[in-house]
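Down below is the structure, laid out as structure tokens.
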Amino acid sequence: MKIGVLALQGAVAEHIRGLEAAGAEAVAVKRVEELDSLDGLVIPGGESTTIGKLMRKYDFIDPIRKFSAEGKPLFGTCAGLIVLADRIEGQDDAHLELMDMTVQRNAFGRQRESFETDLDIKGIDEPIRAVFIRAPLIKEVGAGVDVLSTYKDEIVAARQNNLLACSFHPELTDDYRLHAYFVDMAREAAASRV
Ligand SMILES: NC(=O)CC[C@H](N)C(=O)O
């Protein structure tokens with residue numbers, strides 16, 4: 001599987017390492033044309049406003065929507081989760097508007113801007129160490145969205161068909177099971193395309 005990491009801003013190299021550890025070929029994506037050869041795309045953490053602005057500037061919005069409409073998987077982590085969402089609390093405009101959920105940015109407040117915890121994730125056997133950095137929460141999801149993980153009763157990971165999103169940074173630990181989960185999604189999607 002060849003998986004791209006959207007390389008406009010944010011934690012790109014770490015995701016590439018994670019995807020390679022999970023057995024995929026991983027590439028940094030800077031140009032729209034590069035989407036064509038991919039089986040999946042990661043939108044990394046960083047600053048969602050900046051990533052969204054650069055996606056508009058370099059005309060990524062419609063091509064990524066088309067990529068998703070073809071059933072190819074997208075994985076948004078932290079800021080990338082915000083970029084995938086249909087609705088962002090307190091903002092009139094969202095970015096890709098692909099995933100039926102409302103997100104709250106910087107949801108943990110000053111005291112707990114960054115922290116780590118062990119999370120149970122549906123579809124993954126043992127808990128995963130999750131690193132949260134100025135992380136968003138998923139406040140509400142539509143009927144087609146499967147909640148994969150919660151932290152203190154708030155949603156921190158979810159899936160809607162070919163779309164996967166988490167509030168934390170799976171690329172910042174050396175446990176790459178969530179990347180492997182995503183590579184499996186890409187493999188299944190590729191199998192159903194032929
Ligand atoms: N680590 C992150 O990706 C932080 C996300 C950032 N706080 C935002 O709102 O976009």
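Including glycine, each Cβ sits where the backbone N, Cα and C put it.
All TrEMBL annotations are machine predictions without curation.
Binding of L-glutamine is annotated in TrEMBL for Gly46, Glu47, Ser48, Ile133, Arg134; the matching candidate from Arg17, Arg87, Arg105, Arg159 at the same site is Arg105.
For the recorded L-glutamine site, residues Gly46, Glu47, Ser48, Arg105, Ile133, Arg134 set the reference point as the centre of their Cβ atoms, and the other residues of that chain within 8 Å of it by Cβ are Gly45, Cys78, Ala79, Ile82, Asn106, Ala135, Pro136. Note on the recorded positions Cys78, Ile133: the fewest other CB atoms within 10 A surround the CB of Ile133. When the C-alpha distances from Arg105 (L-glutamine binding site) to the active-site residues Cys78, His169, Glu171 are tabulated, the minimum falls on Cys78. Within 10 Å of Glu171 (active site, charge relay system), judged by CA to CA distance, lies none of the recorded positions Gly46, Glu47, Ser48, Cys78, Ile133, Arg134. Working note on the binding-site residues Ser48, Arg134: by count of other C-beta atoms within 10 Å of each C-beta, Ser48 ranks first. Geometry remark: Cys78 (active site, nucleophile) versus Ser48 (L-glutamine binding site), CA distance 8 Å.
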